């Protein structure tokens, strides 16, 4: 059988074209993920700088000012220092649990960013169960803290891990009930649908006005989930010598530090998405709706506006969280658990019952 050389060349060129298309498809999938990770990293650096500047202003002292203009590179300098510091491992600890624990805490929070709608059709993954996916994934983070405390072979670290797990369970339930109430109002578990449901009525359609008690409970529970003052008992230096982080150093300690700010950022983003209409400005919508209709026509310009609006609302709640940290005293462990089980849980259950009743009567 004689094979024409031109046919062989055509087959080779076609296979090469197909392989290029496959590579292009893989890159097209990875580029949005890399852009999201880069944006999250820059946001964490900005939050660290803001917290240092705001806390310095509250305490009437000078904040970071030498690393870069106005000290904006101080967080990057600290991260570089931690990257090159020696990683110490307890000689009698469980090396596998000790090493995996910080990674689980960071990865479980990073995955949650995939369901955040930063703008109109600007979301990495629009799942039908987006909000519950966030709750399910964020519930994995305390397992990493428990693994870290147990793997350290230190009773103080283990006690800090147990406190972190108890605190997370106590406040995860009220937070989930508040999310369920929002889902009932929006008739969907998708974060994109929840934002769209709030945009129908402009400023007064935000769930903040329809769920005021749920908003307060969600805000308190999210602060407790992030282990921010006054809910930072798992890592309280005065009682537990830094808690589950006691035996960590170098980049592993830096991962815990990054995880706390990643969690704070994702909580503020979900407050924006669930209660403040996400990327919808609408203040008041009857005056500015015509101007912001441009985002449905001009893709890049509209996406930029949506992103700016979402981040503006998010950083407002970040500012509230920072002010709260440097203004309120720390709770005792019994006060913390009593607040979660005896107050927030009944209030969130009552809020869910009222929401369900109103939805049934409206049918």
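The backbone N, Cα and C atoms fix where each Cβ goes, glycine too.
TrEMBL lists 26-50 (among others) with the feature transmembrane segment. Tertiary proximity for the transmembrane segment (26-50) is limited to same-chain residues at least six positions away from its ends with a CB under 8 Å from its CB atoms, namely 64, 71-72, 74-76, 78, 110, 113-114, 124, 258, 261-262, 264-265, 311, 315, 318-319, 322.
Per TrEMBL, transmembrane segment is recorded for 95-115 (among others).
If you look up TrEMBL, you'll see 127-147 (among others) marked as transmembrane segment.
Nonlocal intrachain contacts for the transmembrane segment (255-278), taken as residues 6+ away from its ends with a CB within less than 8 angstroms of a stretch CB, comprise 40, 43-44, 47-48, 82, 102-103, 105-106, 109-110, 112-113, 116-117, 131, 134, 138, 141, 148, 179, 182, 191, 194-195, 198-199, 203, 205-208, 211, 214-215, 218-219, 222-223, 225-228, 244-245, 248, 310, 313-315, 317-318, 321. The transmembrane segment annotation in TrEMBL covers 255-278 (among others).
Beyond the transmembrane segment (298-323), the same-chain residues lying 6 or more positions past its ends with a Cβ under 8 Å from any Cβ of the stretch are 43, 47, 50-51, 54-55, 58, 118-120, 122, 219, 223, 226, 228, 264-265, 268-269, 271-272, 276, 278-281, 292. If you look up TrEMBL, you'll see 298-323 (among others) marked as transmembrane segment.
For 343-361 (among others), the entry in TrEMBL reads transmembrane segment.
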Tertiary contacts of the transmembrane segment (95-115), as residues 6+ beyond its ends and Cβ separation under 8 Å: 36-37, 40, 89, 123-127, 130-131, 133-134, 137-138, 140-141, 143-152, 191, 244, 247-248, 252-253, 255-256, 258-259, 262-263, 266, 269
